[in-house]
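Over in TrEMBL, the protein carries these features:
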type    : residues                              : note
DOMAIN  : 45-277                                : domain 'Nucleoside phosphorylase'
BINDING : Arg84, Arg128, Ile129, Gly130, Thr131 : phosphate binding site
BINDING : Gln208, Arg210                        : substrate binding site
Amino acid sequence: MSNSVPELLNPNLKAMPSDYLYHLDINVANTNDTSDIQQRFGDVKVVCMGGTGSRMRALAVYLSEVLGLPDSSDPEDLCARGHRYAMYKVGPVLCCSHGVGSSTFSVVLHELLKLVKYAGCQDPIFLRIGTCGGLGVPPGTVVVTKDAFNGLLRNEHEIAILGQRVVRPAKFSEEVIKDIMAYGVEAKDSFQTVSGNTMGTDCFYEGQGRTDGAICEYSDEDKMTFLKKCHSLGILNIEMEASMFASVTQKVGVKAGDVCVTIINRLNGDQVTITMDQKHEFEKRPFLVVGRYIKKLLLH
Ligand code: R2B
């Protein structure tokens, strides 16, 4: 590891005497002396993010067992007062919720990147642990994202900035993908873990070609043509965050990975039909994969 603190791409930050990470409810009172933030968060090596606060709490409890940390069966939500996101710290790992989709995720991602910068964290790795729709893989399959495509089927992320369309590449760290596949997967697993491309859309219904939203102006045949085209691009899963997540982390040079479990095979339909019990069991699968990877990572 190179041991470097992430360099953010905003010269204005240096001129700000203080910085309130509003959605996390963390106040960096003095940006020239962040020793309090360093004391609280300086040891962070991995930032895990996932949709819901309850899943991130469960992940925190699970990781504390896996990492052999002192009892963390009731971890404290460090962002409770912000009422937006939930964040737990277990040893050198942060587990933080990001909501549904890129817009809620990007808010907390910007603030988490600033947090690790102010805390002086060395080479932190950012991971998304989520659920998704699958393409041609059975429900319950864990997909580790290679390239992130947007809803236009491009391996990039598009964002409107100052009224202009800005397009950025969306690649995850090859090293992180390789290590997750090498250390996170075990032959005895009762489920498959595969590495493939992911499409991150801005809409769960029309953006993902579903025919069961409040609006649908295409045929079932159009939908299948689209999904098959996705599949031909090596896209094995569809969610709502990958392209933004890959592009922001790539832009600031922070290593990141996206590990999601499929809860439906979209080539067979649009409605999620698994039971809630099955869903909860499936949601634990990325925990296993990521838990083993983090354990190995922290040994180095
Ligand atoms: C997967 O699950 C959520 C939508 O139900 C969204 O966050 C995603 O990408």
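Keep in mind that glycine also has a Cβ here, set from the backbone N, Cα and C atoms.
Unlike curated records, TrEMBL annotations are generated automatically.
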Cα-Cα distance linking Gln208 (substrate binding site) and Ile129 (phosphate binding site), given in Å to the nearest integer:
20
Among the binding-site residues Thr131, Gln208, which residue has the largest number of other Cβ atoms within 10 Å of its own Cβ?
Gln208
Using a 10 Å radius around each Cβ and all protein chains in view, which of these binding-site residues has the most neighbours: Arg84, Arg128, Arg210?
Arg128
I'm trying to understand the geometry here, so how far is the Cα atom of Thr131 (phosphate binding site) from the Cα atom of Arg210 (substrate binding site), in Å to the nearest whole number?
17
Within the predicted model, mean pLDDT of the domain 'Nucleoside phosphorylase' (45-277):
97
Where the criterion is a Cβ under 6 Å from an atom of ligand 1, which of the binding-site residues Arg84, Arg128, Ile129, Gln208, Arg210 meet it?
none
At its widest, how many Å does the recorded phosphate site span between Cα atoms of Arg84, Arg128, Ile129, Gly130, Thr131?
20
Arg128 (phosphate binding site) - helix vs strand vs coil (DSSP):
strand
Gly130 (phosphate binding site) and Arg210 (substrate binding site), Cα-Cα, nearest whole angstrom:
20
Between the Cα atoms of Gln208 (substrate binding site) and Arg84 (phosphate binding site), find the distance and write it as a whole number of Å.
26
